[in-house]
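Here is what TrEMBL records for this protein:
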type: DOMAIN; residues: 80-166; note: domain 'GHMP kinase N-terminal'
type: BINDING; residues: P107, L108, S109, S110, G111, M112, G113, G114, S115, A116, A117; note: ATP binding site
type: DOMAIN; residues: 225-301; note: domain 'GHMP kinase C-terminal'
Amino acid sequence: MSQAQTSLAPHSAARAVPREARAFAPASVANVAVGFDLLGYAVQGVGDTVTVRRIDAAEVRIAAIRGTTVALPLEAARNTAGAALIALREALALPFGFEIEIDKGIPLSSGMGGSAASCVAALVAANALLDAPLSREQLYLYSLEGEAVASGSRHGDNLGPMFLGGLVLSTLQRMVTVPVPAAWHSLLVHPDAVLETRRARAALAGDYGLGEFVAQSSNLALVLAGCHAGDEALVRAGLRDVLIEPRRAPLIVGFDAAKEAALAAGAMGASISGAGPSVFAWFPTRASAEAAAPAVQAAFAAAGFDSQSWVSPLNSPGAKLL
């Protein structure tokens, strides 16, 4: 048993364990131009809500899916929320099971972490039903199994920021919070279009030159150093994707114009959010992010797409019990 579990054990006997819990997990921007499958941050104002009930049957089942999209698997093993709770049950050898209800607030295949949000919210809710709740670092390991169901691979760039909030560097073993100045804000724009994660990942097949990796590593280093130091100039120098964006941008109608609109409005950098088609941009203030939103949305409108936008601090909060 881990130290985190041991420290909670003395309290588990005294606390009343509920039979039902409800949790919210925010949307996220993954990759952040320079950290493919590693870097992400939470977004305020949109997310998924999941209700989990503790049941006597030793199984995980999904009772309902509602909200922005219902065209998702009801079979638990094929659903990110269900797969994560199956992994949790099996690892802890729980004698009881879980019933799940999912309320989707994140659009399907939007590049905003919709599959990860359901998974994280389910784990946070289920954790409240355990006799000895786990730390978020422990829950993260089970969330990787859920995310693999949606994308075909285990990666935590969406999961880490949903658990911890803010900007997070996530490996397969741990989550590391990256400090960011409180004034810095994100603009996220989602065109009314769908780009499936598996199709976006397929676009990355092929050979990459060593020079591309060196340039991308340099950019990642500049962004991380700039965030730690609160140095806007370093971030402006590094927040650009020379590795992934050139291969995915052709899949997103209107992307080039939307990115250019953000940069012209003073963005520190702009790129594809997750697998796309959503676009993100960083700004030094909330006011500058809000002022840029109409121009970025107009670029997508010119390409024939309605869109939604969200402005939020880069230090936005992560998942929470409701």
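Backbone N, Cα and C define each Cβ position, glycine as well.
Note that this is a predicted model, so its numbers are computed, not measured.
Here the domain 'GHMP kinase C-terminal' (225-301) has a mean pLDDT of 98 out of 100.
Looking only at other Cβ atoms within 10 Å, the busiest spot among the binding-site residues P107, G113 turns out to be G113. Of all Cβ atoms in the shown protein chains, 31 besides its own fall within 10 Å of the Cβ of G111 (ATP binding site). Note on the domain 'GHMP kinase C-terminal' (225-301): DSSP counts are 45 helix, 9 strand, 23 coil. Annotation note: S115 (ATP binding site) sits in a helical segment as assigned by DSSP. Non-local neighbourhood of S109 (ATP binding site): V194, L195, E196, T197, A275, each in the same chain, at least six residues away, with C-beta under 8 Å from its C-beta. Shown are the binding-site residues S115, A117; of these, the residue with the fewest other Cβ atoms within 10 Å is S115.
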